[in-house]
Every structure is written in C-alpha cells, then in structure tokens.
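Here is what TrEMBL says about this protein:
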ACT_SITE  Asp293  active site, 4-aspartylphosphate intermediate
BINDING   Asp293, Thr295, Asp695, Asp699  Mg(2+) binding site
BINDING   Asp293, Lys294, Thr295, Glu393, Phe434, Lys457, Arg491, Thr571, Gly572, Asp573, Arg669, Lys675, Asn698, Asp699  ATP binding site
DOMAIN    20-71  domain 'P-type ATPase N-terminal'
DOMAIN    722-975  domain 'P-type ATPase C-terminal'
TRANSMEM  177-200  transmembrane segment
TRANSMEM  221-245  transmembrane segment
TRANSMEM  753-774  transmembrane segment
TRANSMEM  786-806  transmembrane segment
TRANSMEM  835-855  transmembrane segment
TRANSMEM  875-893  transmembrane segment
TRANSMEM  905-928  transmembrane segment
TRANSMEM  948-970  transmembrane segment
Amino acid sequence: THQLKTQILRIYTQMNCTWTNAIKTSKYNLFTFLPLNLFEQFQRIANAYFLFLLVLQVIPQISSLSWFTTVVPLVLVLSVTAAKDATDDIVTCCVSFQGEVLCEPPNNRLDRFTGTLAFSGQKYPLDNEKILLRGCTLRNTEWCFGLVLFGGPETKLMQNCGKSTFKRTSIDRLMNVLVLCIFGFLACMCIILAIGNYFWELNKGSQFTVFLPRLDGNSAAFSAFLTFWSYVIILNTVVPISLYVSVEIIRLGNSFYIDWDRKMYFARNDTPAEARTTTLNEELGQIKYVFSDKTGTLTQNIMTFNKCSINGKTYGEIRKPSGYITNLKTVDFSFNPLADPRFMFHDHALVEAVKLENPEVHAFFRLLALCHTVMAEEKKEGELFYQAQSPDEGALVTAARNFGFVFRSRTPDSISIVEMEKQRSYELLAILDFNNVRKRMSVIVRTPEGKLSLYCKGADTIIYERLHQSCSKLMDVTTEHLNEFAGEGLRTLALAYKDLDEEYFEQWKQRHHEASTALDDRGGKLDQLYEEIEKDLLLLGATAIEDKLQDGVPQTIEQLSKADIKIWVLTGDKQETAENIGYSCNLLREEMNEVFIVSGNSHEDVKQELRSEKGFFNVLISFHHLTMKRFHACILFFFFYLGAYALERSMELEFLKTACMCKAVICCRVTPLQKAQVVELVKKYKQAVTLAIGDGANDVSMIKGTAHIGVGISGQEGMQAVLSSDYSFAQFRFLQRLLLVHGRWSYLRMCKFLRYFFYKNFTFTFVHFWYAFFCGFSAQTVYDEWFITLYNLVYTALPVLGMSLFEQDVNDVWSFQHPQLYVPGQLNLYFSKKAFFKCALHSCYSSLVLFFIPYAAMQDTVRDDGKDVADYQSFALLTQTCLLFAVTIQLGFEMSYWTAVNTFFVLGSLAMYFAVTFTMYSNGMFLMLPSAFPFIGTARNSLNQPNVWLTIFLTSILCVLPVVTYRFLLIQLCPTINDKVQPL
C-alpha cells in the first residue's frame, strides 16, 4: 500500500484571507428564496407598478374596484415566475482538503498555471499540464495522488464565473421604451380626468350634495386629487401584467419547437437541436450578420492525411501527361499488420520510398510518430485507438502509423513506437508545448542509440523563421508546394528537426528546470529557452490535411444570402486555404467582380489599402448607377498576418465602411480575441442583429460575449462552444432552418401577439376614458368587476396564445423557396414605434365605436314587453359583450393559419364568457354573495332582446371595417413580399 503524508496547504495570495471550500453556484436557499425572489421580481417596473396599484386599491376613498382585480393577476404572475426561477436554481458543493504547495494567487487564467511542489527535499514544477480543472478526465490511469490547490471561490471555475452578459432582444428593448411611454400616456389621461372632476365638482357637484353630502373639508381640489389615483387604478389595464407571462409562455413554446424539430436532428451522432435559452427566439428572425468559424463549423473537422512534401518532392498528387487520373487504386497497407484499415492513400510512390528506407521519408514519419500529445489505447493486441486533443494530430499520427511508424504507447518519460515492425523506445526529455502564440510544438527525445534530437512541427511562417541558412533552396520549393496545398483548401504544417549536443542540452535542461520552478515570469523565461533551442532547424517537409465541407453548406450560404444576411467567415487558416474554402462553400462566386485582399503588415500599409479599396468601390458603384447596369457585389478579403491593424481605434471605421460595401467578408489568420473584436465592431456601429456560430473553445468569446445570438456546433472539438451558446445543433446546414423557419415564425408570432395584445387592452381601457365624461368623472367602471378581472386571464388569453404558438404565414417549404420573406424582420417592419402608434389609433377608433354605439342604442330604449332596459348594468353587459366580439373578430383577421386548437380556443373563449356571465348573474350567486354578484338577472333580461344582438353585430362590423378597407387597399396598391407569396 502506498501512503502519502498530507500537510497543511499554504497558498501565497495577495490578500491574507481564509476561505472555506464550499462552492455556491445557486442564488437561493430554503430561507432566502421567497424574499430574494420577490425582491428580484419587483425590480421589474411593471410588477412594482401593480404592487403600487394594489396599495391604492385598499384605500376606500380612492378605489372603486375590488382588491381581487389586481391581486389575482399579480399573484399568478409572481407564482409562475418564482416556480421557473426555483427550477433553474441548483446548489453545488465540494469537500474539504489538505496539502502543501507554493503557487500563484487565484486567477481566471485557464491556460496557464505557475506553482512549485516541494517534496522529499526536491522541487517539482507545477504547470498547466499537471492541473486538472473541473470536468477533466484522467485516461489510461489506474490510480494517482491528487492535491486540491484552490477551493471555494478561489477555484479557477469560480474565478471565471463572472456575471454573464444578459442578452435581450430588440423587441425587449423597444418594449421598455413603449412601457415608459404608456406610463406617461396613462398619467396624462388621469390628469385630464382629474381636471374634469375638479370642474364638474365646481359646477355640478353642489347639486348632488343633498343626497351625496361631502365630508367636512373635502374640496373640489381634494376630490380631483382622489380621482386621479382612482383612475390610475381603473386605467391600469393599459399596461397589462399578463403581457409578461404571455411573452414567456410564447418564447417557451417556440423553444420547444426547435428542440422537437426532427429536421434539425443529426442521426449519425444522435444530436438534436437545442434551444439553450428561451428569451431570444424572435431575435432569430432579425439576423443581419452571421459570423462563422471555418474548421468544424463549415467543414467536418474530420481530418484526413491527403498530401505531403518531403525533401522537395510532393506525394499524394498523381499526374499523367494528359492530366489527373481518376478512379485511383488505393495503396495496399497489408505489409503493416498495425495499419488502420480506414486510412486511404493513392500515391504508391510514398510507400515505395518508405520500403526503400529513404532517410528523409523515414525521418518525416518518425517526427509524426514522436512529436504529438496523442494517447494510445490498445484493448486487444494490434487494435490501437488514438485519443487526440485535435483532429489534426490524430490524422498525422494515423498517417505515420500506416506508413510503418506506429505510435504504440507513452509514459511521462518515454514514447514507444514500432518502426518498420521493429519496437523502439525513445526517452522523452522535454515537451515544448503548442499554444496560439508559439503556433508550434517540439519534443526532445533520446534515441535507443543515445542520440539527442529535437522534432518540431508548426505553422510554416513560424518554422521558416527558425530554419538553418542551408535550407533556403528547399524552403523555396516547399513554399511552392504549400501554396498549392493551401490553394486546394488543405490545412498545412511544416516539419523540421535538429540534432542536439549532449553537453549543451544538459546545461539547457538545468536552466529549463530552474525556469519551470520559478514563480515570477515563468512563462517568459520558458519562452526564451524555447526560442534558444528551436533555431537552426533543418527542414524535412510539410503535411497537407483535408477537412471536407459539411453537407449542405453551399446551399445554406446561398439561401442566407438570398435572405439578405451578410456572412463573414473568421478563420485562423492561411489566405489561400480560406479563399479556396470561400469558393467551395459558395461564399465567393464567379460572377463577383473582384476579390480584394488587404494584407498590409504595418499600420500605414493597412490604412492605405483600406482607403484605396474603398475609393474603388465608390467609383464602381457610381459607374453602375450611371449606366443603369446591375452591380454585382464585390468581395473584400482581409488577411490579418502580423497584427489586427484594421481593428485599431483609429482605423476601425475605415475597416467597417469598406467591409460593409461587400457581399461577404473573409478574415483569415485571426485570433479568438480578434474574432470577438470584429463582431463587436459591427454590433457597435451598424446597429444590426448579429449571430456568431462556431464549434470550439476559440469561438466562445464571440459566441457568448459579443454577438446578440451565439450558436454552438457540437462537433469534434468538445462542448465548449455548445455550453456557451444560446442554440446548438450538429451541422451548419441546420442554420437556415433555425433562421428562415423558426426564427421568422417566432418573430412573426411575437409581433402579431404584441400588436393584438396592445390593441385589445387599449380598446378595453379607452372605453373607460370616454365613459368618464358621462359619469361625472366619478371613477365608476364601465364594466362589471368580474369581467375586468377575467378579461385578460380567461376571455382573451387562450385565443391570443393560440395564435402566438401556431401562427404561420407560409409553411416551412415556402419559407425556403422564398427566403426574401426574411427581410421584413431585419427592417423591423412587423413591430416598431410606427406600428405601435397605428395600433393605438386603431384602438382609439374601436373604443369610440364600442362606447357610443351601445350608448346611443340603449338610450331611451325599452324591452319588447315595454319595460325599461336603459340601466347601468344592462349597458355594462352590452358594452363588454360588444368588446369581446370585436376583439375576437379582429384576432380572426390577424390569423393566417387556423388549426383545430386555434378554433377551439376562439370559440371556447366565447362560450366560456357566456357560461361565466350567466352563472355570475344568476339568482343563486346573488343569494350567496350579494355584494360580490350584484348583476342579478342582467344577462337573461338583456341578451334575449333582438336590438341588443343587432347592436353587437353593428358594433363589430364598424370596428373591423377600417381594417378590412386598409388591408385591401394596401394589397392592391403596395403589396408586401408576404402578400405576393401567400396567394401562390
């Protein structure tokens, strides 16, 4: 048994604080949930407003409505939201720890760690390779000793758990402005009615003091003051509290549609689409710019070794004098019992060179078998499975395996390979890691014969800077090959090596150990040592790996382009590779006038190129405008090589103006930070909705932090992008269905919902306003209190939700056939301040009809039996019935897609209204609670009169007649794209 002494952990930090190891990722616990959740909910203006109304309603001198008209909706909203918040809240804790280590202070750097472990009189360096973060898995390890370095809030996990950016849709932001305007409008209406009450009390009020005596000291001014607050309560439905609950339900339903869509399910990986947020669905229908990664997003990220250049000779490209050969016979690797049967190669010359023991070819594949971080798993003799950090490494090691250099296993100190069926073990002395700054990786090994060698692979530009002068001719030839490979869209790496002197290496190794155990500037010291030893390398050749496009990528990009969505590709690949992929995926097309390349290596060069290209665009556009010829969109191709000069503050507007003149933009050699900067630049100055899509950790910054909407591709590079995204799926081609179908439908449904919701509530509220001029501004309600309570919760809730969940102007097939249907969402045509103003005017007109037609019809009217019917209760019943029929018919005009559910909701709500009305106005309810149900017999006495139904019919016709007329003229004189498509 192994025993390890555990000692007290001492962490040297900048603050002398003691923390527990408990990690709390939840916001609430059992005792704080109710107060904290209510506190958060009442930070919403609408909720606080309705709480204020509730307080007013308990004041008898002010309120003319019962308390339940506000309490019931408010409690329902708070309860639903609280249940949702409680479900989302999860508590996570860890266990305690002990140990001893000297390390850096707690920080959020996931890619770097500096520490030293002192044990048994020896110092051992602790770097990022020896640290396990949450979610990491140890493979090929039966047991190990572990020590927790940081606990609780000091862990890197919690250091990175800053407040995530709360993404809100453009409709949300518009709603905030409109709600504030509505509050102002409500205040104006209440002031007008309060002033009316003041003058009415002065002129008419004294005539009623005989049977309505005033309290001592109550003047007309005080009466007007009370009236103001009374009308604040009565007219509160102009900002309905049920609006927010309905919006959340609609968004949740549209999110389920995305989750359930079988046409976005990728059976090969058993991966469905997933809406990871429920708050951004309608924003999917307004996307103007899409920023896409290339590798793993547009391509499959399944790498295959396609070609290579070794010592100035290319392999993998077979030619005859007449051209290329088709239907090539694949290479037979039966001579190698450890070969991967799935590997395919067509150039037999490379196998012959291996069999002839060509020293350069052997050194080439030996480097590929040694210089990597791949782990090998061999469950059965001869059955090898490679686990690589990246698909590139896996493809290169697999290629070396098939050509006779089989990576078999590794330990921390050795690498075992089989060279041409001979087992050899290399002592692993050092690994010089790859990172985004170095862009290369090296290993230092000792051969079984005792020879020291350094093997290095990396980006060609980086390797070339470190080559020996004797390699100049070979470098020129290899550069030509690299350009050919990149022109075919292949991913390239350069390979080099050098032999090391034993004495020099021992000195370097000692300095390397000192640097690796240093606590101050460890990274800088190690970089200097790496630079020192990685020089005067000898070039071996280059590799070319093919990463094929995913299925449907060209068609998807073409469809999105027809929808006027601008697509920018942001990639770290070379210029030639990126350009070739641009043509392959239909981003660049032959009919485009020019492909401009900005590739300056200095501030002034980039500035001059941007201005010259922009000037050319202006001339070209002017020329086509004057000659009335069609202007084919030009493409601007950006080549970031030595730095993002175009993203500097002094040039960012030049960059943006020039880029936005183009149909598409490709940015190559960009870092993850530069990706986020490009997205932020467009988001900041263009005021357009942006979407970022990627599959790897290098895309997280633009997916999570900058773009309005982030989409993660669940591919070969792990789940980092997916976990940071708002929506996820397995293939890029699903993006067109997400935007053109789900996004457009969600935007259409939300806009129709908001227009109709404001219409029905404004109409409902404005009738109160007109009635005030006929009731002495006494704050008497025009409707029954129960109707006021149930109007939004029961009578009109389900029909509008049915429309908002099932509405389709066209089906999904037509959405793809006519992608230009997407454009209205980009232009905010369906719901805007202008649309809101039209809705308010329509409501004003409808409320005038709904009040004055029933008022005139009821005045001096008698029943068939001669009895009087012109009383307040009958008028209230007639008005509210006319209102319900009018808004229901208006809903029917709004809906383009009727389903059985929609029909049931509409007819069922009307039936529910009459059932509830006859029940509440019955003798039995009055006898049980006389004060709560005073409208005894009103329903049966009024609704059996023909003139009442004639009034309902006439009022409904007059309410919808302007809408029908306006839409008919609009379709005839100025049809929209929807009007043109729907009759098809």
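Note: Cβ is positioned from N, Cα and C throughout, glycine not excepted.
Across the annotated binding residues for ATP (Asp293, Lys294, Thr295, Glu393, Phe434, Lys457, Arg491, Thr571, Gly572, Asp573, Arg669, Lys675, Asn698, Asp699), the two most widely spaced Cα atoms sit 25 Å apart.
Cα to Cα, Gly572 (ATP binding site) and the residue listed as 'active site, 4-aspartylphosphate intermediate' are separated by 9 Å.
Contacts of Arg491 (ATP binding site) defined by a Cβ separation under 8 A and a same-chain sequence distance of 6+ are given as Thr295, Met303, Asp392, Ala544, Ile545, Glu546, Asp547, Asp573, Thr577, in order along the sequence.
A sphere of 10 angstroms centred on the C-beta of Asp293 (active site, 4-aspartylphosphate intermediate) encloses 28 other C-beta atoms. Long-range contacts of the transmembrane segment (177-200) within its own chain (CB-CB distance under 8 A, at least 6 residues past either end) are made by residues 45-46, 49, 220-221, 223-225, 227-229, 231-232, 235-236, 238-239, 769, 772-773, 776-778, 833, 836. Between the residue listed as 'active site, 4-aspartylphosphate intermediate' and Asn698 (ATP binding site), the C-alpha separation comes to 9 Å. Comparing Asp699 (Mg(2+) binding site) with Phe434 (ATP binding site), their Cα atoms are 18 Å apart once rounded. The 10 Å shell around the Cβ of Asp695 (Mg(2+) binding site) contains 31 further Cβ atoms across the protein chains shown. Long-range Cβ contacts of the transmembrane segment (835-855) within its own chain (Cβ-Cβ under 8 Å, at least 6 residues beyond either end) map to 178, 751, 755, 758-759, 762-763, 765-767, 769-771, 774, 782, 829, 875, 878-879, 882-883, 886, 890, 951, 954-955, 958-959, 962-963. Summary: among the binding-site residues (Thr295, Asn698), the fewest other C-beta atoms within 10 A of the C-beta are counted at Asn698.
Taking the C-alpha positions, the distance from Asp695 (Mg(2+) binding site) to Phe434 (ATP binding site) comes to 20 Å. All chains included, 32 other C-beta atoms sit within 10 angstroms of the C-beta of Asp699 (Mg(2+) binding site). Distant neighbours of the transmembrane segment (875-893): 756, 759-760, 763-764, 767, 781-784, 787, 795-796, 799-800, 803, 846, 849-851, 853-855, 857-858, 906, 909-910, 913, 917, 921, 935, 938-939, 942-943, 948, 951-952, 955-956, 959-960, 963-964, 967; these residues of the same chain sit at least 6 beyond its ends, with a Cβ under 8 Å from one of its Cβ atoms.
The number of other CB atoms found within 10 A of the CB of Phe434 (ATP binding site), across every protein chain shown, is 19.
The local packing around Gly572 (ATP binding site), expressed as other Cβ atoms within 10 Å of its Cβ over all shown chains, amounts to 22.
For Arg669 (ATP binding site), the Cβ neighbour count at a 10 Å cut-off comes to 21, with all displayed protein chains included.
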